[in-house]
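**Student:** Mind having a look at this structure? Questions to follow.
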Amino acid sequence: MSHQTGIQASEDVKEIFARARNGKYRLLKISIENEQLVIGSYSQPSDSWDKDYDSFVLPLLEDKQPCYILFRLDSQNAQGYEWIFIAWSPDHSHVRQKMLYAATRATLKKEFGGGHIKDEVFGTVKEDVSLHGYKKYLLSQSSPAPLTAAEEELRQIKINEVQTDVGVDTKHQTLQGVAFPISREAFQALEKLNNRQLNYVQLEIDIKNEIIILANTTNTELKDLPKRIPKDSARYHFFLYKHSHEGDYLESIVFIYSMPGYTCSIRERMLYSSCKSRLLEIVERQLQMDVIRKIEIDNGDELTADFLYEEVHPKQHAHKQSFAKPKGPAGKRGIRRLIRGPAETEATTD
């Protein structure tokens, strides 16, 4: 189902999703068990959506166990009934569980059908995802007023279940929650790329030592970029894309997240997916790096000159996406997926 964590939907889930989209159910609770998405419980409507909401949703929320809940509204769009997607990640749940559910969220939405999901609500306490909490969420979405400190904290957690902690004394960034620092060597390489002293930086996660380290800074031309993508392990890449556009010479920094699918362990896929947003936030916020485009690929063959150009200078702007999947050669691709970056809250999102 997804290369982000390797979690797949059971056949029962797929069948129930199909019936749910036709309006049969009011609520579905989905959990991860034995590396599969499974249905924990489901309910049929008994009243209007707002009268059903609290009595259906709140009893299903466990204090130490994340889950997903799909709650059907009474309204419809062109694709059918509209749904609320609730991501429940309680404060007292295990960090590994938080990471796993965060990294699998996009794949569940894709399996269900993103066009059916009207709103997404994230919660760490029941008040966040109660009917009152949902109405507050709707109000905050329609209001131009700035977020409160608590709302901003929840927004950041929604992006990923790990927080960023800047070490003032050590001058390196720490991914709190999974406690993966960026090595000084890697951080300095990113600074050099931002100052145009390098044109390529590759980072990897040293899983054993729990640190993001520098893997490669080889001077790289566009034609050589596919060769930099490992076939058996995940990597983060920052590439200075030098090109011309409408008569102007441009140097654009592109972020590439390469994940070769099931040749990587589930833990590796989970960690790379979970750490990605925080890494980008550090780079963009602390280094003031202007990352023009964020791309996810399965293999280096997808990085053609035409693809990079079209991604940096898209012909249509109907729907802006933080991460974009390349079209790639037929037969060489895994399942398509979209992943959101930190600069764009999951309003589009693995």
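Any Cβ shown, glycine's included, is placed from N, Cα and C.
Grabbed the feature section from Swiss-Prot, which reads as follows:
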MOD_RES   Ser2  N-acetylserine
DOMAIN    2-139  domain 'ADF-H 1'
MOD_RES   Ser143  phosphoserine
DOMAIN    175-313  domain 'ADF-H 2'
MOD_RES   Ser277  phosphoserine
MOD_RES   Tyr309  phosphotyrosine
REGION    316-350  region 'Disordered'
MOD_RES   Thr349  phosphothreonine
**Student:** Ser277 (phosphoserine) has how many other Cβ neighbours within 10 Å of its own Cβ?
**Tutor:** 24
**Student:** At the level of the C-alpha atoms, what whole-angstrom distance separates Ser277 (phosphoserine) and the residue listed as 'phosphotyrosine'?
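**Tutor:** Cα of Ser277 (phosphoserine) to Cα of the residue listed as 'phosphotyrosine' measures 23 Å after rounding.
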**Student:** Return the residues near the residue listed as 'phosphotyrosine' by Cβ distance under 8 Å, restricted to its own chain and a separation of at least 6 in sequence.
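**Tutor:** Counting only residues 6 or more apart in sequence, the Cβ neighbours of the residue listed as 'phosphotyrosine' under 8 Å are His243, His245.
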**Student:** May I have the DSSP-based helix, strand and coil counts for the residues of the domain 'ADF-H 1' (2-139)?
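**Tutor:** Tallied per class, the domain 'ADF-H 1' (2-139) gives 57 helix, 46 strand, 35 coil.
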**Student:** When secondary structure is assigned with DSSP, how many helix, strand and coil residues does the domain 'ADF-H 2' (175-313) contain?
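**Tutor:** Split by secondary structure, the domain 'ADF-H 2' (175-313) comes out as 53 helix, 47 strand, 39 coil.
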